[in-house]
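Student: Structure in structure tokens, see below.
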Amino acid sequence: MPKKKPTPIQLNPTPDGSAVNGTSSAETNLEALQKKLEELELEEQQRNRLEAFLTQKQKVGELKDDDFEKISELGAGNGGVVFKVSHKPSGLVMARKLIHLEIKPAIRNQIIRELQVLHECNSPYIVGFYGVFYSDGEISICMEHMDGGSLDQVLKKAGRIPEQILGKVSIAVIKGLTYLREKHKIMHRDVKPSNILVNSRGEIKLCDFGVSGQLIDSMANSFVGTRSYMSPERLQGTHYSVQSDIWSMGLSLVEMAVGRYPIPPPDAKELELLFGCQVEGDAAETPPRPRTPGRPLSSYGMDSRPPMAIFELLDYIVNEPPAKLPSGVFSLEFQDFVNKCLIKNPAERADLKQLLVHAFIKRSDAEEVDFAGWLCSTIGLNQPSTPTHAASI
């Protein structure tokens, strides 16, 4: 018997998608939320932080353009621009993503309705959601501000991310994907370093997952990029599932461990430059094609080969052996974990349950790692910081 869809735990959305405070039901809502949090088997600190976030969210009320003051730009991608903003009525610092779409009002309203499911996504591994609204031709999605930014930004400063840190990242991504699948029957569809956010409290959270089919369709033509994290089955247009997210996670881990997007694989000379020593393993072999491969442009990494055209890159992902970690610089457990994520046949690829009990994850879970300390020293953040008023909890 299929699982019953979770009942919405949002504040009453208005037809235009803004969240409105129903003061009469606020206490009841909070009690219902607390019951849902109990089902998640969270650590005490995680539960306290989530409860604090949800309590302050109750005070936000209706979101509207006039109530925001821009602080700085956090980043821009295919989807739109993200700003760090101050919500003046509540005093909260938020991240506001602005998506400009030339669409009819009916489509716009459908997107806003579909995005309301984000109110139900409450997990330590998912970026908190304040609400969505429309103004001046743009859809605004208001989220928790993560002061460490995204892992692609962290990678640019770090050069490479250590295996122990990536162990903690892997746990968070697996738990985030598991939560989305088990509690909401949704897959992420866009796992990559820029969609994994971190903060000075040491939290690691997923953002920008595909909850709105209409938004995905409306933005289908906006892709501009030099790299792809899509699985071979998705690129070929065949049926895909959460197994596709696992491929994307595996490819992201190789990129963050090695220090550059790993397709095509680095040759022996580049590996020596990257790691400062001779590195063993298949990753150092020349790719099987007779041509000299290029590579996507990147602001980090030491590959001087000409950039690969996007169609050439996609062809490589589908037809050539998958990326892997070079031997000799990473543990066998980490190498095996990545290999199981990057099996080209999705039926043979490890699933979320198998990955959660993998030796690499078990070891990473047991390791004492000061993720917050590493992050703050790497990107020059003060620790602890206060991404929201809840930081002191």
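In case you wondered, yes, glycine gets a Cβ from its N, Cα and C as well.
Here's the feature list from Swiss-Prot:
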| type | residues | note |
| --- | --- | --- |
| ACT_SITE | Asp190 | active site, proton acceptor |
| BINDING | Leu74, Gly75, Ala76, Gly77, Asn78, Gly79, Gly80, Val81, Val82, Lys97 | ATP binding site |
| COMPBIAS | 9-26 | compositional bias 'Polar residues' |
| DOMAIN | 68-361 | domain 'Protein kinase' |
| MOD_RES | Ser218 | phosphoserine |
| MOD_RES | Ser222 | phosphoserine |
| MOD_RES | Thr286 | phosphothreonine |
| MOD_RES | Thr292 | phosphothreonine |
| MOD_RES | Ser298 | phosphoserine |
| REGION | 1-26 | region 'Disordered' |
| REGION | 270-307 | region 'RAF1-binding' |
Student: For Ala76, Val82, listed as binding-site residues, tell me which one has the smallest number of other Cβ atoms within 10 Å.
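Tutor: Sparsest of the binding-site residues Ala76, Val82 by Cβ contacts within 10 Å: Ala76.
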Student: How many Å separate the Cα atoms of Leu74 (ATP binding site) and Ser218 (phosphoserine)?
Tutor: 23
Student: Could you say whether, by DSSP, Asp190 (active site, proton acceptor) belongs to a helix, a strand or a coil region?
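Tutor: DSSP call for Asp190 (active site, proton acceptor): coil, neither helix nor strand.
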Student: Among the recorded positions listed here (Ala76, Gly80, Val82, Asp190), which has the Cα closest to the Cα of Ser218 (phosphoserine)?
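Tutor: For Ser218 (phosphoserine), the spatially nearest of the recorded positions is Gly80.
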Student: In the predicted model, what is the mean pLDDT computed over the domain 'Protein kinase' (68-361)?
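Tutor: It averages 89.
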Student: Under 8 Å Cβ to Cβ from Asp190 (active site, proton acceptor), same chain, six or more residues apart: give me those in sequence order, or none if nothing qualifies.
Tutor: Asp208, Phe209, Gly210, Tyr229, Ser248
Student: At a 10 Å cut-off from the C-beta of Ser218 (phosphoserine), count the other C-beta atoms across all protein chains.
Tutor: 19
Student: Starting from the Cβ of Leu74 (ATP binding site), draw a 10 Å sphere and report how many other Cβ atoms land inside it.
Tutor: 20
Student: What does DSSP call Ser218 (phosphoserine) in the simple three-state scheme?
Tutor: helix
Student: What residues, ordered by sequence, lie under 8 A Cβ-to-Cβ from Gly80 (ATP binding site) and sit at least six positions away in the same chain?
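Tutor: Non-local contacts for Gly80 (ATP binding site): Lys97, Leu98, Ile99, His100, Glu138.
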